[in-house]
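**Q** Annotations per TrEMBL:
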DNA_BIND  16-55  DNA-binding region
DOMAIN    79-179  domain 'CoA-binding'
BINDING   Gly90, Ala91, Gly92, Asn93, Leu94, Gly95  NAD(+) binding site
Amino acid sequence: MKLDKVPEVVIQRLPRYYRYLGELLEEKTNRISSMELSRRMGLTSSQIRQDFCSFGEFGLQGYGYNVKYLREEIGKILDLDRMKRMIVVGAGNLGQALANYQFDKVGFELIGIFDINPRLNGFAIRNIKVMMMDALESFVQENQVDIAVLTIPEEAALDVGMYLEKTGIQAIWNFTPVDLNTMLHICVKNVHLDENLMTLAYEYKNLLKKQA
Ligand code: NAI
């Protein structure tokens with residue numbers, strides 16, 4: 001597999017391929033042509049062939065792709081076949097919503113929730129009790145934590161991000177508006193839902209223009 005050469009844009013598309021292939025498996029579809037997959041996903045078939053070519057040979061010409069195998073291989077590239085252990089830091093509106101979602105289905109297990117608000121101490125979300133921040137360091141030492149989901153106010157983001165880095169956590173899924181990836185030396189993925197919403201506004205404007 002030519003993994004070193006996989007372009008970043010292709011990596012960004014892999015989760016979407018993974019999701020579609022999962023749906024196909026649920027429909028008991030065993031093989032799919034690039035043409036059919038492209039129709040479903042709104043990509044061109046040559047784009048799909050090119051993407052899959054960049055990380056290996058997955059299809060036989062004229063025979064289509066083996067859906068299960070392809071999904072497994074994409075899962076391996078994304079490291080989804082190894083369950084990763086997550087904690088949520090900041091059990092407010094967003095933290096609770098994320099903690100309530102079962103990311104287990106795609107390989108991420110929630111094992112702890114932390115906050116500084118004593119009123120949340122012991123409050124359970126999906127049977128996981130919120131713990132106070134002073135318990136975090138020993139929790140990380142005793143449990144193998146892969147990812148911290150950061151859902152705290154902007155003002156606290158950098159300090160807490162640096163603290164998490166110090167505890168040995170090596171990946172942060174950062175929902176705060178602070179772009180921590182430029183400040184920390186661990187893996188940080190910033191999520192800005194509002195940026196996505198702004199691009200929707202742009203597309204909506206164009207649709208309205210076309211209809212006028
Ligand atoms: P919230 O105020 O409901 O919750 C924040 C929680 O963090 C509270 O429970 C608070 O006690 C806790 N907290 C404060 N300081 C802390 C610290 N030092 N250590 C641990 N916990 C601490 O806020 P909400 O609405 O849940 O938003 C959380 C963050 O997510 C904010 O930074 C907000 O801007 C961001 N956000 C990001 C979105 C995105 O698309 N990326 C969408 C919505 C919110």
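Placement of Cβ uses the backbone N, Cα and C atoms for every residue, glycine included.
Please go over these features one by one and say how buried each is and what sits next to it.
**A** Within the chain carrying the DNA-binding region (16-55), a Cβ under 8 angstroms from the stretch's Cβ atoms is held by residues 1-3, 5-7, 10, 63-68, 70-71, 73-75, 77-78, 80, all 6 or more beyond its ends.
When averaged over the domain 'CoA-binding' (79-179), pLDDT in the model lands at 97.
Under 8 Å, Cβ to Cβ, and six or more positions away along its own chain, Gly92 (NAD(+) binding site) finds Asp115, Thr151, Ile152.
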